[in-house]
């Protein structure tokens, strides 16, 4: 005979088994295998703890349920393989990605570095983001990326804050093309309060709209860049703000580069209240002659730069550097004021500066 209590317990157990994971469920991924990842991804709170990702595999956190939180704890590492990556991929809406106190996401880049970047052995990109719906990525500690760090593509309404990217080891060990943030085909993205030590652009905005880069520190790389723009499927930058940033000991300070012979648009770009120091090549460089990672000396106007504001830019360049270089065509409606860069020398070959803009070399 089955008692009423037994029947109740059986019913509750069956309900628990049949009910999908609730918002309160937390799952932890640890160890050296991704075999349980498909199950972990169904949880609304995901902890990545002391994980070693197998060679040639992606920590695939794509397609997460809306509102999921991902927390990195301990040390995350990646076994070696020559491949394009990414090592981590995250997508979804209203996603929160956070770093716990004392954690590190270590790309162990020295295994791949050869001083050649894209021209050498195949190196994996580090973190690919496709996040929307007021998602947030905050407090991550990234160390020694093999290649580009954050690939921000097809994102919207995303805030990235308080990230530390430390690739200082690459300065002497062959790190190259270690961009901090690469932005493409994205809108309403805010990157703030981050610190980047690397060997390439601190940020490169290749396409997108309403991209804001504020209150960040950029060390040792190639500075803050719009572009290169041109030669891709999306060749429009409409709305970029770089405000209250510090660029230190970098090749360039502030840069816009468009591809020679290409078509596209760069408009509504604002560099405001940025400080530069220890710049090795150019304090400000705006060039329409970029091609195959070099400049040709001949600007073309297929990607015109319009509605450019350069305001309250201060600092210094090294003795062998140029303070400002401008080589463009078809540029319109520039407004420059409060640009005060000391050291170095002037660039004698500037051309294409819109009249009445206040810009000069």
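Every residue gets a Cβ built from N, Cα and C, even glycine.
What Swiss-Prot annotates here:
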type: SIGNAL; residues: 1-18; note: signal peptide
type: DISULFID; residues: 27-43; note: disulfide bond
type: REPEAT; residues: 155-185; note: repeat 'PbH1 1'
type: ACT_SITE; residues: 200; note: active site, proton donor
type: DISULFID; residues: 202-218; note: disulfide bond
type: REPEAT; residues: 237-258; note: repeat 'PbH1 4'
type: REPEAT; residues: 266-288; note: repeat 'PbH1 5'
type: CARBOHYD; residues: 318; note: N-linked glycosylation site
type: CARBOHYD; residues: 330; note: N-linked glycosylation site
type: DISULFID; residues: 350-361; note: disulfide bond
Problem set entry | residue 218 (disulfide bond) in three-state DSSP notation | strand
Problem set entry | Sequence-remote partners of the repeat 'PbH1 4' (237-258) [C-beta within less than 8 Å, at least six residues beyond its ends] | 201-203, 205-230, 264-288, 290, 302-303, 305, 308, 310, 313, 315, 317, 328, 341
Exercise. Mean pLDDT, the repeat 'PbH1 4' (237-258)?
Worked result: 99
Exercise. What's the CA to CA span in angstrom from residue 318 (N-linked glycosylation site) over to residue 330 (N-linked glycosylation site)?
Worked result: 31
Seminar exercise, completed: Counted with DSSP (H/G/I as helix, E/B as strand, rest coil), the repeat 'PbH1 4' (237-258) has 0 helix, 17 strand, 5 coil
Problem set entry | Listed in sequence order, residues with CB under 8 A of residue 27 (disulfide bond) and six or more positions away | 39, 40, 42, 43, 45, 46, 47
Seminar exercise, completed: Across the repeat 'PbH1 5' (266-288), DSSP labelling yields 0 helix, 19 strand, 4 coil
For this session: With residue 218 (disulfide bond) as the reference Cα, tell me which of the recorded positions 200, 330, 350, 361 is the closest one.
Result: 200
